[in-house]
């Protein structure tokens, strides 16, 4: 069975049925076996009569002069009405209609959906109860599979349905005669609001959500419509997420059915809940009348509730017994949430400090203080009940409390809560108070009782709320931003949280006994008294009237008031009545919910940009967090809380930095290669230029060059001196010898002893012609050698442009080579020039727009704050008790003998030393765990997904692909395969912890091995699973003498300790600029590695040569060039062309990156290109269509030290040499080389001459 409906012509939506014509038979109930055509004259007569009556009434109304009087509204004539309906018009409507008239008028969206639903949905009933709905969509009828029952339509009920457990649907073909009632459907779901039976449905991020309370069990199967009346989804259930509920739905995409099930989803089938009474089952919402009402039979009703406390329908039974299941009496209002409190009562409990440093039994004893809300609100539980008067009914400005055995009330206005100052009370209900309090080390609750006495209780409690966001503010700002937080929702409606109530114990009261002439009189005073006297026999029992015990003393009697027709909270300061406790449950108001909190925005810092550094001037109004990190391989994270004016200098590199001040968004900046001097000036300017860029390398290079010059000069001078000495030594040793003219000139010999040049040459011609020719050729040889050396030096230095030799870029894609390697850097454009025979060259541009590295996670457990559950102690008077086994986490049980507890009315037991107390305690998840918990995962192989923009020809399209070397995407007819990435790197360790939106690399303990006070002391698979493990070092202690309580010691929560000491999250210290996100856990835009690409581009993507412009005489002239800046170069290309058109433009060198991929060729023969380079003297080849030319430029350094964008070119890994610098180097090297060569030649020549002698 295909679960995608077929769109057909019969999809008429939210239009009323067409009016019946007189010549057609109305669809009305008719006796069987009646031919419709025979009724046509009767129907025509009826409708004609209706028309005449309506016209007459309208005419009378228009012509009447008398004032208007109240009249019954004329009902619209409908073809469906028959004679039987007309007879019943004047009858008195039944009471049910009267009640329905009081219902709230549905809103516009509800009315719209009711019109649509009128035809296309049908109730599903089980035993006469509606459990859900079936919907007609397209050509199919669909019903949720979990909804039990039969469709309330005979034609649909007999169909054969095919069930799908994957989609939780049952589906069948619609009968032909019902196709006109079906609804259209659509797979188009733009984000916004949609409609359903209970109002608006918000669709955002692929999730349908509604306000909590708008949907309930029984709504399963209801459709969600768009504004055109088309079905976009079918509701299956919902997951309570606090203020909103996420819907579980079945919906459609373009070609398939999908099911979305949020975590914690509950199916919304209205299953019939059954309860039990004396082994007889009955519907929980309809209890048997023995008992069925608390007001009639309170004690029996409480016992029945206690028997069913663990059944799913307990709260239905509780509501039915509190309202007595009488719809005439039960009115829905805000006071209905207080109905359950008439079955409960406040109590007196032990308080160690009643405000004056002394203990007492306080009516406002503090039971618990909860501070899970991140906005600083606390919830306090006390013994008194607020918002209820002494009669047990709701009264907002009253406080109900206990004095002795009697109920009293006081004004709520006198209620106060203190820490270091007065707290602001935000809400009260029952035993609970929610308030905002200033930080402090203690908490006190007090009120003025009916006698104007102060009733108070004070406990030690350290209140120091953690800041919301990154600023520690004390006053909520008028302006700021909204950040996620948790708070106690100010609602008294029933919630998922609950507290246990139990039957109170017998309260001892020595004032009930009085001594009268050797007898003891028990004064009942309208109460039931349980007494026990040891004087005589048979003086044990209960009485509701005054009773006298003869021949007895007060010391020999014990009396206690017994009352089991009300519950009270299961306080650990009040003993329980039975060893096996009988309990009930009531909802807790003010649930913890996810919300948003307005936090301030710190003043924008004053920013001063320097050379590779950033100075920020910070003016905090309150302690504010400053953090920054590098975006390179070494993040070097830094954080500091700042509470006064300071200046901080942040180093900025070419890799970039990210800093964040307070709650302001993070700022990313990159350094540019700015410097002083000029790369194309005089030597001192060039040296200053390079010293600003590479100070160490410049110092080393200049020092080496200077040393080379000095050594070259010294060597040349030494060689010249040696040659002169060798030249003149023979003549100096020979008496009367004359130095030849040539040697005299070369060796600077005195002329007085030398012959003339002609004489010397004549002498050599006569005596040694070989030496004559050597003497003549020596200067010429020296000149030739020098010229050759200079020529070779120039030829060697000419190609030593370091920018061409070194680059981080990737090789250019050649013709027919459909592979490339693109850098995994977001926003960095990669271009390839592709040539193909018979086609004009094409430029392919690939740009990574975003990457996502998502690891495979295995949830080990979740951990959160725990709560210690301490049941009321069981005190066995004059006897012994034993511990029982209980499957509870960290369960502890101890029996203490020889206790003698007291309550406010006297000793709880009659015996002195034979009494025992059974104390119990165990650990459970705190109620805040649903909102505040950490998840421990094991991370495995990460899968990388990239979003890449592909541009070639006229195509510019974005695609998303897995970078694994296997996933292939098709873009414009071309096939691309990306990956695998060159570097198998991930920022996640093998073990990670996810807390809210932060991720931490942490080696957590395995499941079942948690240690007290450490991360993982409480572990469970989910926030609701039953496999809770706890190790909190819980130990019970012996109770103090005379006091009813359960003392214990325990290690503080390891989760709360971890929250304070968890350190910097991976979000703030991930290398390579990774952005860490959750849901799911992933690292986005990590700039590491390269992505190989395989391409298969068809010929249709190219332009044929005959269709492309023919470009000739291409020349390049660079007008402006700023290196190391984002497209800071402008080049003008001139050319000749035969026709206008479009040509691909590409740089064949990695020295420069051209911004344009294609240009429009015009007949004027001139185009302008923008390029980016890191070279001071770039020389790169540019091609336009099939023509090529070389662009050469002299670039200046950028003026801005720091910019908010990264470079769009390949950076240099070796100091670059400008053309001017190379010219100066060549000149210096040529001069020194020539001098050195001359010295070498002279030395060689003189040596040769002297050796021949």
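Think of each number as a place in line: the chain as shown, counted from 1.
Each Cβ is built from the backbone N, Cα and C atoms, and glycine gets one as well.
Since we're looking at a predicted model, the values are computed, not measured.
If you look up Swiss-Prot, you'll see 43-77 marked as region 'Host transcription inhibition'.
What Swiss-Prot records for 66-79 (among others) is compositional bias 'Basic residues'.
Positions annotated as compositional bias 'Basic and acidic residues' by Swiss-Prot: 80-92.
Feature annotation from Swiss-Prot assigns compositional bias 'Basic residues' to 93-108 (among others).
According to Swiss-Prot, the region 'Interaction with host Mxra8 receptor' annotation covers 358-361 (among others), on the basis of similarity to another entry. Residues 348-352, 903-904 of the same chain, all 6+ positions outside the region 'Interaction with host Mxra8 receptor' (358-361), place their C-beta atoms under 8 angstroms from a C-beta of that stretch.
Annotation comment: Swiss-Prot describes 516-519 (among others) as region 'Interaction with host Mxra8 receptor'. Summed and averaged per residue, pLDDT over the region 'Interaction with host Mxra8 receptor' (516-519) gives 85.
As annotated by Swiss-Prot, region 'Interaction with host Mxra8 receptor' applies to 548-554 (among others). Long-range contacts of the region 'Interaction with host Mxra8 receptor' (548-554) within the same chain, counting only residues at least 6 positions beyond its ends with a Cβ under 8 Å from a Cβ of the stretch, are 510, 513-516, 518-522, 531, 533, 535-536, 539.
Nonlocal intrachain contacts for the transmembrane segment (695-715), taken as residues 6+ away from its ends with a CB within less than 8 angstroms of a stretch CB, comprise 687, 1215, 1225, 1228, 1232-1233, 1235-1236, 1239. What Swiss-Prot records for 695-715 (among others) is transmembrane segment, and it gives sequence analysis as the kind of evidence.
The annotation region 'Interaction with the capsid protein' is assigned in Swiss-Prot to 722-726. For the region 'Interaction with the capsid protein' (722-726), the number of residues in each DSSP class (helix H, G, I; strand E, B; coil) is 5 helix, 0 strand, 0 coil.
Feature annotation from Swiss-Prot assigns S-palmitoyl cysteine to 727 (among others). Its Cβ taken as reference, residue 727 (S-palmitoyl cysteine) is surrounded by 25 other Cβ atoms within 10 Å in the chains shown. Residue 727 (S-palmitoyl cysteine) falls within a helical segment according to DSSP.
Under the heading S-palmitoyl cysteine, Swiss-Prot lists 747 (among others), citing similarity to another entry as support.
What Swiss-Prot records for 748 (among others) is S-palmitoyl cysteine, and it gives similarity to another entry as the kind of evidence.
Residues annotated as transmembrane segment in Swiss-Prot, with sequence analysis given as evidence: 770-790 (among others).
Annotation source Swiss-Prot lists transmembrane segment at 793-813 (among others), citing sequence analysis.
Among the features that Swiss-Prot reports, region 'E1 fusion peptide loop' is placed at 899-916.
Positions annotated as transmembrane segment by Swiss-Prot, on the basis of sequence analysis: 1228-1248 (among others).
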Summed over the region 'Interaction with host Mxra8 receptor' (516-519), the DSSP helix, strand and coil counts are 0 helix, 2 strand, 2 coil
Is the region 'Interaction with host Mxra8 receptor' (516-519) packed against any residues at least 6 beyond its ends, judged by a Cβ distance under 8 Å, and which are they? 548-552
Looking only at DSSP and grouping its letters into three states, which state does residue 1248 (S-palmitoyl cysteine) belong to? helix
Across all chains shown, how many C-beta atoms besides its own are within 10 angstroms of the C-beta of residue 1248 (S-palmitoyl cysteine)? 11
Taking just the CA atoms, what is the gap between residue 1248 (S-palmitoyl cysteine) and residue 727 (S-palmitoyl cysteine) in Å? 10
Could you break down the residues of the region 'Interaction with host Mxra8 receptor' (548-554) into DSSP helix, strand and coil, giving a count for each? 1 helix, 2 strand, 4 coil
